[in-house]
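The structure appears right after this line, and notes come after that.
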Amino acid sequence: MANVVVIGAQWGDEGKGKVTDLLSKSADVVVRYQGGVNAGHTVVVKDQTFKLHLIPSGILYPETECIIGSGTVIDPKTLIEELDRLEALNISTQNLMISQTAHVTMPYHRLIDQASEERRGNHKIGTTGRGIGPTYADKSERIGIRILDLIDPEGLRKQLNWTINYKNVILEKLYDLPPLDPEAVIDEYEQYAQRLRPHVVDASLKIYDAVQEKRNILFEGAQGTLLDLDHGTYPYVTSSNPVAGGACVGAGVGPTMIDRVIGVAKAYTTRVGEGPFPTEMTEGVGDILCDRGAEFGTTTGRKRRCGWFDAVIGRYAVRINGIDCLAITKLDVLDELDEIKVCVAYEIDGTRCDNFPSSSRLFARCKPIYETLPGWQQSTMNCRTLEDLPKQALDYLKYLAELMAAPIAVVSIGASRDQTIIVEDPIHGPKRGLLDANGTPV
Ligand code: IMP
């Protein structure tokens, strides 16, 4: 038995969908603990591609229970569309549970997200425009609508009447937008409530029961470490906590119930939205990575910014999340390159810097210090063991593990389930604890 958290070690889109799908096989329960429909997971099974935003990819296994936890924000319309799509493909959604204390994304959240981005001009975040920030802002302001409010018809009517009138002032006076009709929104959301009601549960209790029954639980993070509200590249972050610690708050479990943390990182780096990105390449190899890696957002279709692997943020992710082992994805995207660079440290105004700086202004001044490795210039897509890999590819992976002081347990060399190399059991492998700068346990 092991309870495992899977997190993104970069700026999101690391391929967590494929890794959680792989690990879901051995999980009895999969819990999504933060974020909303800003996330997008692509999972390829045989010749079918599934694009999921809120529902954990564990849903593809009929025996696995899937829980959308309290720390998430739920857009009911999108969630219902996702349920409908899965059911149309004969995938049962009976095992989906939704936390009664998750917050609901309302139409005014989307409108305010989009209008405020426009108003920010050069200061925009580059959000997905899905209303995520405003939903979490209402949660903090204590005027949010929770799932338990949504499924209480009388309560919903009263609460929404007040809230929509309050939000209409903001829409009209601040953003020059037409007001929302409270009755129309209430009618629409009552319909959603009817559809979602059978799935609503006390999620933290369900998870606690599963822990007591010694069932395997997989906590699935959305986005990535550098998008974390507290520990990411603030203000260019999302409004939740994708880091491993967020699993405790977002799922409602104590830290003593987590056994292991798996970090997922691409063999290079991508970022969507605004904000500094030291290893970014706006042309040349950047375009090759974008084309070969099909680097376009699952949720918004935006072109992702691409760059070399950044081991400074990799080391930071290992530290902030307490990563036990790594899954390195999309190694095959580097197959054609004659040389590959890795950022090992930064230079800020002539001084070497080995650690991620918290200030976004300092981060914007970071110049990458690169080490260059030879490429392998042959396909890795059919490799199924480490021995199958070209020597240069293996050396590259070893170098990444050494720089991050964390072992690599999984390597992905293509989108489908079988294009995976399992180096060591990611769930039951040895617990790493603290490592010194040389990767030696202390
Ligand atoms: P928001 O989460 O929509 O508020 O967007 C805030 C920032 O997080 C923007 O830079 C988005 O591009 C980024 N972001 C949000 N969700 C994801 C994701 O799933 N993958 C990658 N970037 C994301």
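Keep in mind that glycine also has a Cβ here, set from the backbone N, Cα and C atoms.
What TrEMBL says about this protein:
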| type | residues | note |
| --- | --- | --- |
| ACT_SITE | ASP13 | active site, proton acceptor |
| ACT_SITE | HIS41 | active site, proton donor |
| ACT_SITE | LYS139 | active site |
| BINDING | 12-18, 40-42, ARG304, 330-332, 412-414 | GTP binding site |
| BINDING | ASP13, GLY40 | Mg(2+) binding site |
| BINDING | ASP13, GLU14, GLY15, LYS16, ASN38, ALA39, GLY40, HIS41, THR128, ARG142, GLN223, THR238, ARG302 | IMP binding site |
| BINDING | THR298, THR299, THR300, GLY301, ARG302, LYS303, ARG304 | substrate binding site |
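Feature map: annotations from TrEMBL on the structure.
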residue	record	DSSP class
GLY12	GTP binding site	coil
LYS18	GTP binding site	helix
ASN38	IMP binding site	coil
LYS139	active site	helix
THR298	substrate binding site	coil
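Set side by side, the binding-site residues THR42, THR128, THR300 differ in how many other CB atoms lie within 10 angstroms of their CB, and the most is found at THR128. Close to GLY40 (Mg(2+) binding site) in the fold, though at least 6 residues off in sequence, lie LYS51, LEU52, HIS53, GLY297, THR298, THR299, each with a CB less than 8 Å from its CB. Proximity to ligand 1 at the level of Cβ atoms, with a cut-off under 6 angstroms, picks out ASP13 from the recorded positions ASP13, HIS41, THR298, ARG302. Note on proximity: of the recorded positions HIS41, LYS139, LYS303, LEU331, the one nearest GLN223 (IMP binding site) is HIS41, by Cα distance.
Among the recorded positions LYS139, LYS303, ARG304, no residue is found with its Cα located within 10 Å of the Cα of ASN38 (IMP binding site). Between ARG304 (substrate binding site) and GLY12 (GTP binding site), the C-alpha separation comes to 11 Å.
Comparing local CB density within 10 A for the binding-site residues GLY12, GLY15, GLY301, the maximum falls on GLY12.
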